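First comes the structure, then the notes that go with it.
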Amino acid sequence: MRIILLGPPGAGKGTQAKLISEEFSIPHISTGDIFRANIKEKTPLGIEAKRYIDNGQLVPDEVTIGIVKDRLTKDDCDNGFLLDGFPRTVAQAEALDEFLKGINKELDVALLIKVPEEFILERMTGRRVCTSCGASYHIRFNPPKIEGKCDICDNELIQRKDDTEATVKERLEVYSKQTYPLINYYKDNGIISEVNGTESINEVFGNISNILGRDK
């Protein structure tokens, strides 16, 4: 089973990716993780990627594609994989398809977790983190017993910079510009499947499992 996981920031992709990986015994491949691994191991591609990152630049497609291709040749990908964070553009999607075709494989499904913008804004801007122990809360879904105070250590709770409304809206705008053409690309290829990401974790995973069961 070869899967692409798509969805906006705050859609719960990380949670679902872990569940899918465990249920279907395939590696969860996050581009962020493999970038960090290559940089840590000082591979040629990792060194090149670090140069762009250190200068505050986007890593070019050819470097990103090279790192992903290298990861997909590992033995644990023989029976499938779950890609999270790649591809981000149609050019990357085309390069991935070309690579898979070269090894007589193809994608089975592109899973899109759909969540309305207002739901994501509420989910992300409501998050709070303890400045001391790192415990996580949500002002609506998982509030602390005392407002602004950690239940565990009684220290202050803060909103991370990534979770401010302005930052979240900016991330959603970038996602829309990048990903809508990608969604249309996979629709044209007939492999996109959509799930409602506003439901509970178990309900979302149940719907995903039904889709993946059909596509086996």
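From the backbone N, Cα and C atoms, a Cβ is placed for every residue, glycine too.
The feature region 'NMP', as given by Swiss-Prot for the ranges 30-59, 60-89, sits at 30-59. Under a cutoff of 8 A between CB atoms, and with a sequence separation of 6+ in the same chain, the neighbours of Cys153 (Zn(2+) binding site) are Cys130, Ser132, Cys133, Ala135. If you count neighbouring Cβ atoms within 10 Å for each of the binding-site residues Gly10, Gly14, the highest count belongs to Gly10.
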